[in-house]
């Protein structure tokens, strides 16, 4: 095997830089995607269609980083292909499938925000969806992406080229060219796909998510802007009506802020996706339409370098997506921080946690029944000091319960 790391030469610095960048992307992507999948899987109140689509996206990003990244880096360093022809066909298939899953996931998230804004009860607390509803949505995204990426399995083939050095050295090359041994009908279909591949990628995997998310975002923004000023008005205002109207208006404002945050999450994912895929599409279209003499006049390392940059942009997207989601989604980020705190050595002991939990349950029981008499009022011989010590603690506990219920019930 060709080893560029030892002995150290001028080309070794490039190899060390590529390997270091690959290790950073691999570590960040594996930890982030695994954390996102485990959070959604083990939390019952986070199993909504929104979070399940995000977990499905994290699953495919995990597959790309776990399988494709080591194969690409090994081939870049040693000029040999792991698993031979199998990896030469399977790596592009997984990468294109990941692009399809990301595209259709962005469209599904935009549709989910549109339905939440235009539904009959847009200001109600989201409920936990059934497994059949979630699996049906995920199956449409996954099966559609895998079917659309199926021609990639027949498009690539492994070739070996001999390099003229001091000794004969064979280099593995993955060539995007259908094999002649295929049946005639399948060969014609694969050849048609090969000729229209760059425009198919540009239209389906780049323009479709961009235009779809922008259109849904504009419509959802218009609907939310029309519903926000609507407040209940009455001629005769009493104290009860004023308090109920103020509470309902505050609830609508909180829901409006939540919808704005979810819409910003979808737009941030779209911007990241377009930023990482646009350079490769532009390079492919440009190289396809320039003349053959100009292509031959390019240095020998330009085309492999452009291909490697496109691969790394894909890996950057797969690694940055879970980090962005954990930072933008409050419930996912809070669940991740709680999991990290539970694994830390500075956790509270069992006695403090049990006492705090018992105190919180006692306070929530008193808050849940405000009309029932308090335990102190049942015994006239008791003093007023326990009552005074209990009253100041109620608002803090009430706010804590309200924040936790709001964080758990939200889809993101």
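A Cβ is built for glycine as well, from the same backbone N, Cα and C atoms used for every other residue.
Remember, predicted model here, so these are calculated numbers, not experimental data.
Matching 198-220, 221-243 against TrEMBL, the residues noted as transmembrane segment span 198-220. In TrEMBL, the annotation transmembrane segment applies to 93-111, one of the ranges 93-111, 112-130. Between the listed ranges 166-190, 266-290, TrEMBL ties the annotation transmembrane segment to 266-290. Put simply, of 13-41, 53-73, 198-220, 296-316, the stretch with the most CB pairs closer than 8 A to the transmembrane segment (266-290) is 198-220.
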